Amino acid sequence: MSLTLDTAVSPMAAPPAEPGYWRSVFARLRRDPVAMVAGLILLAIVLMAIFAPWLAPQSPYSTSMLHRLQPIGSPGFPLGSDELGRDVLSRLIHGARLSLLIGVMPVINAFVIGSAIGIVAGFVGGRTNTVIMRVIDVFYAFPAVLLAIALAGALGAGLVNSLFSLTVVFIPPIARVAESVTTQVRSVDYIEAARASGARSLTIIRRHVLGNVLGPIFVYATSLISVSMILASGLSFLGLGARPPMPEWGLMLNTMRDAIYVNPWVTVLPGMMIFTVSICFNMLSDGLRSAMDVKL
Amino acid sequence: MSHQARKEDSRNAAPLVTSDPRDRGGRAQPLLRVKGLRKHFVIKRDLLGRPLSRVHAVDGIDFEVRKGETLGIVGESGCGKSTTARLLMHLLQPDGGEVIFDGDPVGTRGGLSLREMRRQMQMVFQNSYASLNPRMTIEESIAFGPQVHGVGRREARQRARRLLDQVGLLPERFAQRYPHELSGGQRQRVNIARALALEPRLLILDEAVSALDKSVEAQVLNLLGDLKQEYGLTYLFISHDLNVVRYVSDRVMVMYLGKVAEVGDSEALYRAPAHPYTRALMSAMPSLEPGRRTQTAPLAGDPPNPIDLPPGCRFCPRCPLAVDLCRGTEPELAALPGGGHLSACHRADEVQSAVSNPQPSVEESV
């Protein structure tokens, strides 16, 4: 039996074992079919990435001049082969590792850095806030794609550089969200009450601000993962991210695009993967948002 | 028991505050003395950041809170009651003035540190829900203050449970609950317990019962009365509800637009107000007795804009008794004959005599 907050607590009843906040969020999330399907698909893809060497029928690097551009369903190439005769299925399975990494890592980094900047700015307020947020706004003014390309281009192609530039791209929006949520929380009475009890700012942030602020920021950050996936693929597509012959979905899309008239369905497959993963992250974050958005 | 008798009773039974080891000056020294406290909110600045216009939220007020008493503060919305409370707690930085706690100036070199002051002075806010962290259990919320001041986690939690018991909430039932699972009255009890967790000597109750419905309000007021006796507390009771203030207060201070209009012993002040504003407040008070229904017209108009105050007395645009003197010079808070009763009105004597004649007082009509 799942215990939820919907069941009103009658004052006469013996106290039920009160579920913690996150447990009740999870209980609500479990009853959201869309979020659950999205979550299961993501789980499958993550497992696929982890067990790639065992799942993939072939090595993602082994080429075969005799079997170039095979269509879907060819013997030995269930999802066809690319322009160098590599098995697309194996490359898709292995590609999940890199694609997920460069989709998720920048968002995690930006979540940590951006939240710290935003929470400090929001909590301190006043001129400090103005200075920090105006600097953030300068970065925010650039379109995300343009900034990512410009940074990755300036730093030089490569996986680490593209991770770095994507992190920089995502810090401003996360910091903005963190700042606005913190500004709201800061003026609520319980923060005043905590200050009235003599607590120092750091203690107040740790005990009273973080718990009420990280949730919304986290939800927002998960919605950025899909953007990050697409941007990362875009960078790889442009040759600024993963380098050939690494299996990475964006890069695969790029190298196979010449074959689009020969073998359109195989060419589209990496794009389908990117699409599926990013839409699943979006659905999951939507579900998470509504699961967390309860009037307590 | 009439409220009069009850109040007398609690005054007699109150433990001697001098038994508190932190007490310094004995009974004669006021627990809190406020001198010229001032807060102006700047609402507009010029390009160089110099203030252009300000709201005179609290405009130089002086008062004292005696040990063991309940001082009520009344006034309409926006008169600076809550700002005063926040200034006393130093949640807002005062622009000027002194706060002296039991002989020690607060926040100055050689005086009482803010941290120490906050142990001895605590506050209960009006909004019982917003003043509790929704992500913390009741027990954690109450234990937070002691932990900040170096009490161990276990001991702080034990103290929290003891206090829950004290405010009439079963610890085993409520300690692990979250604020949204409690009713307004229960939450306000928790807030009171949280304020008491630091063992303060002065409790500021900023509209603490105003948001509760009448029956719950009465319960919480009784609880406050009991706690006051038990811990020898001093209350600063801020409210817009004249009846409640009369019920709980030993002395009452009336504020108008950031200034003190009148201070005095609660019964004396209610029987014979010495400021036209207080008189207007009293006549606007609804009464259940048909013979005492409002006779005089209530105040007309709004309080003047607190940004551009009139030059003389700030009540004179609405005052039925205003004369030229009032429009020219601002009256000082001055003692009336008999002592203990102060009024900031040039015509205080006339106001007082005008009031006590035509309207029968409570005692006569009963």
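From the backbone N, Cα and C atoms, a Cβ is placed for every residue, glycine too.
Keep in mind that what you see is a predicted model, and the values were worked out from it rather than measured.
Residues or ranges marked as transmembrane segment by TrEMBL: A:33-56 (among others). Listed as Cβ neighbours of the transmembrane segment (A:33-56) (distance under 8 Å, sequence separation of 6 or more from its ends, same chain) are residues 87, 89-90, 93-94, 96-97, 100, 276-277, 279-284, 286-288, 291.
Per TrEMBL, the feature domain 'ABC transmembrane type-1' maps to A:96-285.
The annotation transmembrane segment is assigned in TrEMBL to A:100-126 (among others).
Residues or ranges marked as transmembrane segment in TrEMBL: A:138-160 (among others). Same-chain residues lying 6+ beyond the ends of the transmembrane segment (A:138-160) with a Cβ under 8 Å from its Cβ atoms: 98, 102, 166, 168-169, 171-173, 176, 227, 231, 234-235, 238-243.
Beyond its flanks by at least six residues, the transmembrane segment (A:217-240) meets 99-100, 102-104, 106-107, 110-111, 114-115, 118, 144-145, 148-149, 152-153, 157, 161-162, 165-166, 169-170, 173-174, 177-178, 181, 248-251, 253-254, 274, 277-279, 281-282, 284-286, 288-289, 292 of its own chain at Cβ-Cβ distances under 8 Å. Taken from TrEMBL, the feature transmembrane segment covers A:217-240 (among others).
Per TrEMBL, transmembrane segment is recorded for A:261-284 (among others). Residues 34-35, 37-39, 41-42, 45, 69-72, 79-82, 88, 92, 95-96, 99-100, 103, 222-223, 225-227, 229-230, 233, 249-250, 252-253 of the same chain sit 6 or more residues outside the transmembrane segment (A:261-284) yet have a Cβ under 8 Å from a Cβ within it.
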